[in-house]
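Listed in Swiss-Prot for this protein:
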| type | residues | note |
| --- | --- | --- |
| ACT_SITE | CYS34 | active site, nucleophile |
| ACT_SITE | CYS37 | active site, nucleophile |
| DISULFID | CYS34-CYS37 | disulfide bond |
| DOMAIN | 1-110 | domain 'Thioredoxin' |
| SITE | ASP28 | site 'Deprotonates C-terminal active site Cys' |
| SITE | GLY35 | site 'Contributes to redox potential value' |
| SITE | PRO36 | site 'Contributes to redox potential value' |
Amino acid sequence: MSHNVEKITDAKVFKEKVQEGSGPVIVDCSATWCGPCKAISPVFQRLSTSEEFKNAKFYEIDVDELSEVAAELGVRAMPTFMFFKDGQKVNEVVGANPPALEAAIKAHVA
């Protein structure tokens, strides 16, 4: 099974896929220099391929590449996982905490 995390590098694409999208969406807001981001990235990748979460869309943004998007979302620490439902932000998990991330995804796609 392939990884289902798509990297978004353009603010317009972010708006189209996340803010104007439908269904459950999870966005990993991270940075290349962030150690905890690198540590939890394989967990996020694994969760994105889970049959249990097949109806959710998984995206990643680099807060340095998309600083205007990160500012608009209010990202203050990395990693921050943002949860959207039909374009509306409904939850977030801050920090590299695999159990909290998995629990939040389960609640989000239920």
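Here the Cβ of each residue, glycine as well, is placed from N, Cα and C on the backbone.
Of all the recorded positions listed here (CYS34, GLY35, PRO36, CYS37), CYS37 has the Cα closest to the Cα of ASP28 (site 'Deprotonates C-terminal active site Cys'). Counting every protein chain shown, the number of other Cβ atoms lying within 10 Å of the Cβ of PRO36 (site 'Contributes to redox potential value') is 14.
DSSP labels the residues of the domain 'Thioredoxin' (1-110) in these numbers: 45 helix, 29 strand, 36 coil. Of the recorded positions ASP28, CYS34, GLY35, CYS37, ASP28 has the largest number of other Cβ atoms within 10 Å of its own Cβ.
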